[in-house]
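Enquirer: Attaching a single structure in structure tokens format; questions to follow.
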Amino acid sequence: MSILVIVIFAAVMSRYVFFTPLNFANMLSKYLVMWLTFLGASIAIREGEHIAVNFFVNFLSNKKKKLILIVSNLIVSLFCITIIYYGILFSINGITSTDPLLFGMRMIYPYLSVPVGFSFILIQYNLFTIIQLFSNEIKSNEKKHMQEVV
Amino acid sequence: MPIIIFFSVIFISLVLLSIPVAFSLGTASIFVYYLSGQPLGNIPMRIWTGLDKFSLIAIPFFILAGELMSTSGILERLMDFARLIIGRLKGGLLYINILVSMIFGGINGSAVADSSAVGCLLIPSSIDEYGDKELAASVTASSSVVGPIIPPSLPMLIYAFAAGNVSVAGLFLSGIVPGILLGVGMMISTYFMIKNKNYPRIDVDYSTKEILRIIRRFILAAVLPIIIVGGIVGGIFTPTEAGCIAVFYALFIGFFITKELTFKKVYKNLIRSTIVSSIVLIMIAVANVVTWWLSIQGVPQIISNFFQQITSSTNIFLFLMIILYLFVGLFIEAAAAIIMLVPVFLPVAMTYGVHPLQFGILTVLGLLIGLVTPPVGLCLSIASSIAKTEIEKVFIKNLPLLAVQFGVLLIVAYFPELYLWVPRLFGFG
Amino acid sequence: EDGYNIDEEYSLRMANVIPERDHIGQACNKFAELVEEKTNGKIDVTVFHGGQLGSGRETYEAVQQSFIDIAGDSYANLYTLSPIFEAFHLPYMFESREQQLEAYQNEEIREYIDNELSKKNLKWLMTLEFGPRQIGTINDPVKSVSDLDGMQMRASRSPTEISTYEAWGASAVTIDWPEVPESLRLGMVDGEAVSYDAFWSANHHEGLINYITETNFQSYGYALVVNYDWWESLPENVQKALDSSAREAEKWHVNMLTEHVNMNIREMREEGVEIRQLPEEEYLRFKDKARDQVWDKFIGDTVNQEFLDLIQSEIGEPGPYEDRWYFEH
Ligand code: NA
Ligand code: NA
């Protein structure tokens, strides 16, 4: 992940230091940010960091929390699978189109960030749920967030 | 109309199941796409094109710059300076807390991060000095709200994207007056809270040499926000470039001046900023799916007509928006709420003749106030956990500061001329 | 000729990236109106203006995959799907309006383009002019081609536009249209080249651009496309109704544009923008540099020589220098 961030630096910096606009750098860094976002989102799940509202669920008993966890896991999985399926179709469409500013790169490479990213999200979400189910205490996002930051 | 209500109901139920907001939004839109006969194949494309904007790259840079700032020793230097200036006042640490948040808060977008970073540095010593846990926590939490109003500010940057064609420099400049009002208002409010208390003063006599040293160290630290704001407003760089330069500057200071940065710390910062950026950006991506559906269904028009039927008065409309923002802010993080609400409500606001810059400040401040109110109140809960006290007690202690914030919110809504002259002076808006 | 008997009802969704109040937006509305009129309301076209359904490239792809029915934007943004329109984009390809309109309406050229687009599952429905690019600058007027030396120019994503600036000694910074005002204001670039009406409708003449030089160097247009498979599946009278409405809307647009652009020029002058025309010998300097360095770069890979020959043989000569365009000075 950090490699991606560094590459973006390099791209934008080169544009800045040499004062010659590298038009391809704009495009490249944009596509890298897409990859960073969709892959990073799966790491965020592992860390329990997504913006979520736990206020109501926190009132429930541990047993009910686990039930809700299973239900929401199914819903999110369904969402991810839909995105992955149509995301693959979308990416295939990028085989024939090209980006003239990035040396004619096939658009499938940036497009693939969506299905690949959501595949990782699907995996991480399910792992997260399983780990939670087997642990005694269901962590809420706020608590987790504080542990991270403080 | 029924399908909009259906969409909202699904979305809210998913959110209540504690499904992350981005995925709730995505799932709800799959439902309504399907039901209203829209092509599901369009969803990944909209997710992708949601990020197909060069200016979005500013977001990870801002976040990384903010992360680096809190580990590179820049914050401590600023605090030394604040202590030099206002430390001698009774309850000086509380004023320092506010001043530091005013200048440095909001770069990484998260008032929450500000609460924890400044809180960790100042809450323990404030408790030692004054013995009031709740007061220390409440000042920390409330002052975190000021950071994103005074530039630089990531929530403003996010607003600019959500709004479309709104100038980042203009937004930054619009925030200056309300931000100062908030900061000074809170200082005055704090003054009255501690007026009758017998707090010790910090009586450190600085030697001239020390004073010069603190100032020199401060100048190096203070250059960072100046780079960001000055660079953008002065037309030297784009927000993305400003963020990028800020990152390099923080790295330079951290490695060569304060020598507090290590590769391990930088690596941790990179990982954290990747995570935080992806949380914000995936919201933006998924929200782009919803905007398409909203446009196809003509929802902005419907909502606009709905408001016009209720009232033709701009003042009443703004009042309704305040209520909405305060309510939404109770439950949902500001960045997420900005991304979801602004594309729908800004066009409505414009039909009432509300200036997009004014609407921006109103949105950011309105939503941020939710951070210091129960039930969710992230800043409040973080500050109270650092102070090891109960959130309810902090909330009660915080009421005078909350009153200041609410007062400024009303000023933002009803006296735009009081602060919009700043961006106009520079030719924005 | 008027009135088509159509059995089924159709509800079409049309994406237009340009704002509704713009001349392009009005022509889109005109098209929708004509279609409804000619089919007694059997075909209903809803136009989503101002990029509500996404950017140009995105809506073109959406048509390709039949998520929406009709999409229109500058044909520069069709490039990632098919570079066919890049031939129109070569600097000084069209040196007069007549040549340009001939290219849009000529049967053989249309057939060639339709054939290329059908490989990408698209069909060309309608084209509207933006008018040729003029160079607008903030601080220094461009009086001769050497004035451009060392300048930073904003460019669209069109590779031919980028190469043209480079041929003139300027460098090109790719900035998408919505971000242009900010970058002009911030001084990231020294100028931009768009058509007169684009300067005007985006209000760039109000404090951003102070000088405009009439270079007429690149003619770009607006293309509306539909999904090819879908088009082929339509009954003949539906196709005819859409086609004839498109032709009629194009004609309507040609007339209104003349008046519209001349109003733009007048208003920009009143606002204090210095607008200058080039003497023919200086024009030729601009043209020769651009043609020499840009054309060869794109012929072969991007622009098919055979297609280029076809266009050049069909559009004829540009006529006397003074009467090539429709601008009143
Ligand atoms: Na603070
Ligand atoms: Na700030």
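Here the Cβ of each residue, glycine as well, is placed from N, Cα and C on the backbone.
In case it helps, TrEMBL gives these features for our protein:
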type	residues	note
DOMAIN	B:9-418	domain 'TRAP C4-dicarboxylate transport system permease DctM subunit'
TRANSMEM	B:6-35	transmembrane segment
TRANSMEM	B:56-75	transmembrane segment
TRANSMEM	B:95-123	transmembrane segment
TRANSMEM	B:168-194	transmembrane segment
TRANSMEM	B:214-234	transmembrane segment
TRANSMEM	B:240-258	transmembrane segment
TRANSMEM	B:270-294	transmembrane segment
TRANSMEM	B:306-327	transmembrane segment
TRANSMEM	B:334-353	transmembrane segment
TRANSMEM	B:359-383	transmembrane segment
TRANSMEM	B:395-415	transmembrane segment
Enquirer: Taking contact to mean 3 or more CB pairs closer than 8 A (sequence separation of 6 or more), are the transmembrane segment (B:240-258) and the transmembrane segment (B:306-327) in contact?
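Expert: Answer no: the transmembrane segment (B:240-258) and the transmembrane segment (B:306-327) share fewer than 3 Cβ pairs below 8 Å.
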Enquirer: Using Cβ atoms only, state whether the transmembrane segment (B:6-35) and the transmembrane segment (B:270-294) have three or more pairs under 8 Å that are 6 or more apart in sequence.
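Expert: Touching, yes - the transmembrane segment (B:6-35) and the transmembrane segment (B:270-294) meet the threshold of 3 or more Cβ pairs under 8 Å.
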Enquirer: Take the transmembrane segment (B:168-194) and find every residue of the same chain, 6 or more past its ends, with a Cβ under 8 Å from one of its Cβ atoms.
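Expert: Cβ under 8 Å, 6 or more out: 90-91, 94-95, 98-99, 101-102, 130, 135, 139, 142-143, 145-146, 149-153, 156-157, 159-160, 229, 232-233, 235, 239, 357-358, 360-361, 364-365, 400-401, 403-405, 407-408, 411-412, 418-420, 422-423, 425-426, 428-429.
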Enquirer: I need to check the long-range neighbours of the transmembrane segment (B:56-75): which residues 6 or more away from its ends have a CB within less than 8 Å of a CB in the stretch?
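Expert: Apart from its flanks, the transmembrane segment (B:56-75) reaches 100, 104, 107-110, 113, 117-118, 121, 152, 154, 157-158, 161, 221, 224, 228, 238-240, 242-244, 246-247, 250-251, 253-254, 258, 260-261, 265-266, 268-270, 272-274, 276-277, 280-281, 284.
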Enquirer: Who are the long-range neighbours of the transmembrane segment (B:306-327) in its own chain, taking Cβ under 8 Å and residues 6 or more past its ends?
Expert: 337, 341, 345, 348-349, 351-354, 362-363, 366-367, 369-370, 373, 409-410, 413-414
